[in-house]
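*Asks:* Please read through the structure below; I'll follow up with questions.
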């Protein structure tokens, strides 16, 4: 290893000496030597060469054999190529090799030695070892076709290159496209991308990817999907313009220039396509192993489709035009599926199905035309076609032309002279040529028509601001036989090469002038003479057109004209062995063209008669294809007119009618001139496609083919121009970072880097011509970078030697100290051993003495313990005997006491029983006397007149009841008669039907079973009918009997009331009284409703009071509960009385209406009932007053309980309010009654009034008497019955109690004392348990009642609120601003703030404006976090409280819409997005927390539970807020990523924050976006962390939930990981060990930031794990199999593709590192084959983790929230 390093350094030194001296080449110099197989081979000089010697002694790099090579074996080179001083060497010397550190550079112009072998070797290394297909060469992108599908064109790659400078990332077609897009936006100048190369080099694919990039980056601003249409044009053009050749399976056989138009915002608005030189000859001829255009094979593969049956197609082998190449298939291509894609693209571009079928018909007709059989006549001068030829028939049918005419003119032609016209026969060969020419002509016109319609589909009426053109054109071609097509192709490449050379020279000049470097004119190859040879006057094309105009012009005559005219030109030569060909010396190579066929192809002759037949086609599309078109100039580019002036082609005067158009050469020249003018008016970008081999093998590099294409495409010319001046260019910062090791310490102290670099270079390089200082860069001539690298290597070598010296001395000192330490250790252990031996002796001696002492002690103690044990045993037996004697005495005494106790108890019980029996006998005798007295009194009362009256009233009631019953029976009888008649009729019809069916069944079939079943069914129906008749008779009898009874009663009633009916028979009075009766009935019903409501309210209050009392202390307030029970009983009695009165009223009304005589008395019934109700209400009031007094007494007794006192006061206030409200209602009823009476008082005679009053008085007295008697009787009977029931229940209770006590007494007497105590305890426990269970049941009932009452109370409150709202609205209708409706159900005492805000409906806009639209986060920064959310929720609570659903809906909808508008307006402000994300999520949590759902109330306080919403379920709005929160979260992430995006790469990869480890890589490639400083953006890791801290602080200040903040940080860390890793995978300059060290340090700083904010559990560290492993991969060794195993184990998250990519990009930054070998990378790939992973290179930067909003309730109570005055919300009222 050391020897190799010395040789390397010596070789570098010899190269520098050779460069300066120019006369000697020293040993170990590395050179390139020519090779016939590999073009160039690396070698090394093994012996010094001196001037005058004729032989160089070389050794190949892969061989040990020395090769003496003569000097004339090498090509002659100039001083610029070998970097000599200023002279030209006459002796040729080999090319020098670049240092290994420069091999694999992204840009070929960065090589120190610029020449052909260096370029070829660099491309080979990048292509084969690193699998990089793209390489820069100045402004040219060299693209090598890999013949393999690479995963480097996905959307994530487009996103990675979007917005990046061209030199910051690895070479890529996307980088060129981004550069063009950026320059178009920055310079406002149109751009062009010129893609060229051989067939099969990948031009079409490169152009397609460039268009795809523009479609993705500059997508259309509206929904027109122009970018999709632009991309859809590719499969169409590939189908009709691409074909398989020997070099390429999908070769474009035409050139195209696509202009993609952009608007002022640089969105795609349209496109336009121009095509050049379609290879029409391929339609009728294909070489071996080639195919026709793809569309023919696609149609043949889909011939089985039903819509293609009319085309009469079959296999492609059956048609001449598709089988000439003898290979109709392409491996891996499905023609049928390709046709589906073609049709989909046509549909997307707006081509109708009918037009598509017409296109397919024309294409199929071409195939049939090729199969038309032309038969020669015997004379050979004429031919004919059979009219029965099926292909001719299909051809004419598909094109809609006449068969006879087409058959005739395919075999004849018309000759027109000045005098007459002749029809001439054609030979078979001429007819075949005419047929082929017609086929080519049809296809060419169809191709132009499709292109025209594609342009129409891509056309836009919008104004185009600028465009980017993509030119996909054929490269320089040379074959064994070159014809007219190759001549036109090479002519186009000559023009493009001229434009390329001038542009490169111009850019080089601009670079020097920009940097203010003295400009020296450089000669470059100018191919204008060759172009003049082709296109000038009397040039090749001019002579060709002139020969075509000659009637009998031939190719030989044209060749002779060329020889005579241009043989003196240096670019024209005549072959020695041919007179029908010529040679043109092109810029790339000499090409020999065969003259045969030039005239025919240039004329492109088609007979006019055949065209006229096609013009007469019955199909419109076919006729339109061949109509004469006026020469329309190409539309000018729609860029800015003051900057671009594209001149159209000069109009050509139309020739004779025989000429249908200009010659092909003339057309091509005009279109080429137009193309060049377009390109000259734009800024070009060049892509040169290279075909690595002719076998289409993946990643196989053929050096000879590559060199041939490099010479042809102008890459080497670019290198030559660059090498002529100062090819190596470094920015000051890059040069400083790379070569600061060569500086002295005092130079490092200078702050100006430019001055430091100047001082260093002036010291190191003495010749000032070898470098120049520009404004931002240092320019070096070729070889100077190698010299500086050699000095740098020497410096490092010296430093390594010094380090080795120091390390070796440190190792020797360490070894000496280790030996000394070992000797001291041995001594210490030896001395310790001796000391331990002596200590052991002393320890054993002491142990022997201790053993003796212990043994003696044990022996004496054993004897003492034996004596002591015997004494204790004797004492124990003696004491036990005396104790047993004493116990027997105590037992006998206890038994005597028990006997005495039992006897005395029995005597006492006998005495008690005798006394009780005597008392009972006395009580019974006394009660019998009282009962006899009462019985006599009842007998006397029964004989009295009052009793008779009661009986009479009872009889009257019975008569009324019987009358009503009779009427009911009559009605029921009528209904039953009707039902019976209906049933009889229905049964009769059914019987008739059944009889008919029976007859039909008997006639049809003789089945006896069916007949019998029908008969049985008929019998059943008859029996049912008979039963119905009997039942009817019974009902009639019962009705007649009851009717007789009712008639007798009715007659008696009529006799009683007949006198009253005779006095009042006026019909008008009856009508008036009837109306008054109705009004009184309505009033009575209203009073009843009011009474029921008050009664219900009273019951509710009673139950609430009972619940409060029982809940507090049930035993303490038991008497009060008795009062409540009495009141409840009284209320129930009143309710029964009310029902009874109601029934009596109904009976009386019915009786009055039936008699029609006493209608005037009815009006007094409601009056009497109302009086009775009022009396009952007075009683109820008295009861309530008594209850109030009892409550007051109890409250005074328990004044210590504050809660009970408060509930008592509240109850009193509610009762008082209810009484007041009842009085108000009564007054209103009285007022209404007086008004009605006053307004409807009749005007009648006084006589009638007096009679009516007398009659009313009589009726009133009779009614009062009957009611009084009935009430007295009922009250007495009720009291008597209640007393009896109470006595019976008391007796039963006492009996049960007595029996239980007797049983317990008997049981106690049999139990012993211990069991008696236990039983008593058990009984007490049982009693307490039962009491607890009873109390628990009572509590559950009370709780249930409480819930029920609360629910009813809410309903009543809602009804009262609605009533009061209606009243308030009616009272305030005329006012400008209505007063607020407050909660006034009952009068309550003033309450505290309940956490609600009330506002007017018209103030909603002001509320939204203050809280959302005009809200600034800093205004509420010092208040409660999420204050707007709390205020909005408190307003929503009030709307729920007053049950206003419209207000809730309006407020929530307006708030959500306002938040969306604010976020849309401030779509780039992180603070605003964070603020509203916090408030929206908080509002969502509030809606959950106070929803009343138990799942969300587990963490609420009691006060918060009181604030829950009562009326509305806002689950739908919770979902809307959840969706809005997700939307705001995504916007927040988008804003944060946009802020971090420009900082990530600079901070993570480019900033050198780690002391001692700075990037030592090469400088960035210069691009169009280089700034004056030339450095990166300048963001550091501290700036990135500071920005993250700012984000986190803002989210915390706004009160965003920590869980959401953690998800934001996690997403941002993922974005940092994705952007950094993607840049690492696309940049070679950062894939180094030092970058890995710096990256690992930066990641550790990010992890430290997470730990400092307790974000370890957020998952952010896991998102940057791929980046951590990438940093470790850069730092790990990459040499042995153990290293490969370590890499596979370490990089578990990275994919195989990512690992291989990093290893391929890994670049040693100095000579002490080694490159990663290809075998090591293959080993890694083999080890990772079994890994299951996503085969994706780049990380998806647009991936977003799903966000979760966990429920986090607020501990803040709503009543504590206050509104700051700065919000201007004075219109909100606290509730």
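Every residue gets a Cβ built from N, Cα and C, even glycine.
The domain 'Myosin motor' feature in TrEMBL is assigned to 103-793. What TrEMBL lists as ATP binding site is 197, 198, 199, 200, 201, 202, 203, 204. The region 'Actin-binding' feature in TrEMBL is assigned to 672-694. Feature annotation from TrEMBL assigns coiled coil to 945-1045, 1070-1235, 1270-1366. Among the features that TrEMBL reports, domain 'Dilute' is placed at 1453-1730.
Show me how these features fit into the structure around them.
*Replies:* Long-range C-beta contacts of residue 204 (ATP binding site), restricted to its own chain and to partners at least six residues apart, with a cutoff below 8 Å, comprise 238, 242, 250, 252, 472.
Remote same-chain residues near the region 'Actin-binding' (672-694) are listed as 123, 127, 137, 139-147, 173, 176, 179-180, 183, 187, 189-198, 200-203, 206, 210, 247, 257, 274, 276, 469, 471, 475, 491-492, 495-496, 499-500, 503, 634, 637, 639, 643-649, 700-702, 705-706, 709-710, 713-715 (criterion: CB distance under 8 Å, separation of at least six residues from the stretch ends).
In this model, the coiled coil (1270-1366) carries an average pLDDT of 73.
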*Asks:* Residues other than 197, 198, 199, 200, 201, 202, 203, 204 within 8 Å, Cβ to Cβ centroid, of the ATP site?
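*Replies:* So the extra residues in range turn out to be 145, 247, 248, 251, 475, 689, 691.
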*Asks:* Could you break down the residues of the region 'Actin-binding' (672-694) into DSSP helix, strand and coil, giving a count for each?
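*Replies:* Split into helix, strand and coil, the region 'Actin-binding' (672-694) gives 9 helix, 8 strand, 6 coil.
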*Asks:* With the cut-off set at 10 Å between Cβ atoms, which of these binding-site residues ends up with the most neighbours? Options: 198, 200.
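*Replies:* Top count of Cβ atoms within 10 Å goes to 198.
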*Asks:* Within 10 Å of the Cβ of residue 197 (ATP binding site), how many other Cβ atoms are there?
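*Replies:* The answer is 27 other Cβ atoms.
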*Asks:* Judged by the number of other CB atoms within 10 angstroms, which among 199, 201, 202, 203 is the least packed of the binding-site residues?
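*Replies:* Lowest Cβ count within 10 Å among the binding-site residues (199, 201, 202, 203) is 199.
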